[in-house]
Amino acid sequence: MVTLTASYEELTESSAVALAIRLGLIQESSHLTCTEIGDGNLNYVFHIFDHKQEKGLIIKQALPYAKVVGESWPLTLDRARIESAALIKQSEYTPHLVPAVYYSDTALAVTAMEDLSHLEIVRKGLIAGKQYPHLSDHVGEFLGKTLFYTSDFATNPKIKKQFVKQFTNPDLCDITEKLVFTDPFFDSSTNDFEEELREAAEALWADLEVQAKAAELKRIFLTSAETLVHGDLHTGSIFASETETKIIDPEFAFYGPFGFDIGHFIANLFLNALSRENEHDQQHLFDHVVNVWATFKEVFAKAWKEDSIEAFSVSDSFLETTFDRILKEATGFAGCELVRRTIGLAHAADLDAIPSPSKRIQQKKTALTLGKTFIKQYHAVETASDLVALFQQSVKE
């Protein structure tokens, strides 16, 4: 349900509860609690819970600025509309893998959705040493279905162009264009890294091959409106348990390249692998890298054979060349994400949480090496196992 209110105002814990009661999403009770639990950079997230009914609710509100910077970095509130619309679209294909949306309000920039507090954020769980045996199965299914069915392969071209317009997301794409594809490759003011990494960062900035390949990847990101991508699919955007997975926070959603989400997810698996002590502890992450690609291919190929409206989909070689291109581009995007999460704005906690300062710096240098390798060699990658081999090679350098 979408309802327009008169004007925007930042919610508080008490006004979030009042809104939920007014909408009939939760009953007024002395047993209600509300806590602002948002740990991201762009939003408030209110967890409302009725302890008598044992029923919860999430109300998420977009802020008109980035919390990580402050009011000097204004942001559009339209991203709340994008997020709720993306969740609803994704739920058409994978309802079991995204939170249910109960209500959205474009003026308040609010989305009310399913409470997932019985699950945990995957990044936090991985840092704590937990394993999620079905993570790559579920993420691979999510990617295979959502990326296929929102593309030209399954959507009438005229309707797809309407979706491209609906999900045009210039402000948040601008963040990605700058923070992932531009600033980390130059001595930019937004970059954030330890002084011990300066030499490695300067070597990256001076590497002309890296610059040329990063420019290629940025161009692909800017110009390839292939499918509805999540836009920020890292391990901090996934809730999970041993049996269940939910992908959240698609406020960066837009029509972009097939490989973008895949590359982001894989990069963040490798970031966690770098925080592990040895290859034995890393192996289940390597398995997820290989399996998420295998599952994506299996799900995508099944949809291709059953539901493609593209005349040329009768060609098996067209499918294989499509997969080959997606994996190559995903590898390059993973490389850019590795660089960004190491020396750019908004690090990955996986590396920042390494207790030993010397070990932390060493693993960040390895992350930069791996990122450069992926960027330079993305055209040569043929299998997901190649990515694991490149990781192992970078660790030894």
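Placement of Cβ uses the backbone N, Cα and C atoms for every residue, glycine included.
Among Lys60, Lys89, Lys130, only Lys60 appears in Swiss-Prot as part of the ATP site alongside Asn43, Glu114, Asp115, Leu116, Asp249, Pro250, Glu251.
Of all Cα pairs drawn from Asn43, Lys60, Glu114, Asp115, Leu116, Asp249, Pro250, Glu251, which the record names as binding ATP, the longest spans 18 Å. Candidates Asn43, Lys60, Glu114, Asp115, Asp249, Pro250 (binding-site residues) were compared with Asp232 (substrate binding site); those inside 10 Å Cα-Cα are Asp249, Pro250. Secondary structure at Lys60 (ATP binding site), as computed by DSSP, is strand.
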